[in-house]
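Asks: Let me give you the structure first, and then I'll get to my questions.
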Amino acid sequence: MKLSILASLIASAAAFAPSTSSPKSVATKAAMDDLQEIAEKSNPVLKYYDPLQLASTTIWGETNEATIGFLRHSEIKHGRVAMAAFVGYIVQSNGIHWPFPIDFSGTPYPYDAGSPPEQWDALSDPAKWQILLFVGFLEWFSEAAGTHYMRGGKPGAFPNFSDHSELIPHPVPLNLFDPFGFSKNKSEAQKAEGLIKELNNGRLAQIGIIGFLAEQKVEGSVPLLTGVVPHYDGEPMAPFM
């Protein structure tokens, strides 16, 4: 009898015991659920596909949640860079350029130097450094301002200049993302749909820009582009070397 009473008391106490699930494990599950949901929406046929199990591992001694944030942010950012590069390649290939000189000495833009990689080679060193330093500033600002994407921040979100004036030596009139505020009145559903479109466009753009450069360097490597883009004897990765 005493054992029965004791057992019932233990069972009753257990019902009021706090959950053993740690906040960290709950956050990790939420991050994984978001990742899988986005994967299924962006590709309903393939759905969630992670053969290397990158989303299940950790990097640099960080948590799995932080690793997922890093992977998501990296894909969004590289997709945006690729979209800009793809459009820029097409624009430069068609000789479209600003109507004014590139510097105060009257030097014209090197649009007549040939293909986009050759136009880059024709730029002066000061011009190249200005481009690289500006991109470097954007990278630094995105890491330093706001809540970091590996610390609970939103992957892909670029902080507003206007919200972090303490990091900028002089006022910036427009923000980099949505400078005219076109998306501020969009619903969460519309923003989520826009993210899926951005992911898919970014993935295609990464294939596209690498396809252009690969065919230029190794003729015939991309049969659909053979004869469409000219051969290039230089180093396509020169901006990063």
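Placement of Cβ uses the backbone N, Cα and C atoms for every residue, glycine included.
Curation plays no part in TrEMBL annotations; they are all automatic predictions.
Pulled these from TrEMBL:
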BINDING   E75, H78, L123, K197, E198, N201, R203  chlorophyll a binding site
BINDING   R80  chlorophyll b binding site
SIGNAL    1-15  signal peptide
Asks: Do you know offhand how many angstrom separate R203 (chlorophyll a binding site) and R80 (chlorophyll b binding site) by C-alpha?
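Replies: R203 (chlorophyll a binding site) and R80 (chlorophyll b binding site) have their Cα atoms 9 Å apart.
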Asks: If you count, for each of the binding-site residues H78, R80, K197, R203, the other Cβ atoms lying within 10 Å of its Cβ, which residue has the minimum?
Replies: K197
Asks: Measure from the Cβ of N201 (chlorophyll a binding site) and count the other Cβ atoms within 10 Å, all protein chains considered.
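Replies: 16, counting other Cβ atoms within 10 Å of N201 (chlorophyll a binding site).
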Asks: Starting from the Cβ of E75 (chlorophyll a binding site), draw a 10 Å sphere and report how many other Cβ atoms land inside it.
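Replies: Looking across every protein chain shown, the total is 17.
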